[in-house]
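Everything on this sheet refers to the single structure shown next.
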């Protein structure tokens, strides 16, 4: 827990202090005065999500709560060795009664499930993995094919719903082990991959706190060049933009940091 506070909480407090003038300006612009409750909320990982300076750090509160739960979950798994499907049943039960607890707790429940999956990831899950993937794929097909839900992961993760969860489980269940092997292979063979992974691993979450500014910069370039509509109308340009945009954000984050 001490390491998580050092790598997440302390960088957030430094970031929040740097952004304090902007926050005070937002309140002043709306004719408001920040209250004591507002200050406490701001300090404890619940800042206002205006002007995109904070909307990228929504998961700090869930992360801290999951960090508190993780030692108990890990101890329970070591002692009682429950099958992975046990957690799936717990998750389903929690979703049946989610209307009785707040959005923050719903988010913690969903992402804690992904965290617990990580504790099982070194084990051979066999049929349990197959069951999870089949259920997840079945729900994705149902959501898209019958309910006609839009494919918008951003809209589905605040708080995360079953479609977001099912999509994530499908990706992890089918491709997780292959992606892990591929990433290790790239890390071993290419120095530039080691450079980026090492710097992000070393600096932790702190380097990501400049992400809001690099995202705004990228969006500004698109608007200035009139590319928003052009990219939106061509799938090939969207794919190119994803790659170029990712590399742009990656390098700007490191440079600003």
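The backbone N, Cα and C atoms fix where each Cβ goes, glycine too.
Lifted from TrEMBL, the feature list:
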TRANSMEM  12-28  transmembrane segment
TRANSMEM  57-77  transmembrane segment
TRANSMEM  84-101  transmembrane segment
TRANSMEM  107-122  transmembrane segment
TRANSMEM  129-146  transmembrane segment
TRANSMEM  166-187  transmembrane segment
TRANSMEM  207-225  transmembrane segment
TRANSMEM  237-256  transmembrane segment
Tertiary contacts of the transmembrane segment (84-101) (same chain, 6+ residues out, Cβ under 8 Å): 109-110, 113, 116-117, 120, 125, 128-129, 131-132, 135, 162, 165
Folded-back contacts onto the transmembrane segment (107-122), same chain, C-beta under 8 angstroms, at least six residues removed: 59, 62-63, 65-66, 69-70, 73-74, 77, 84, 87, 91, 94, 98, 158-160, 164-165, 168-169, 172, 176
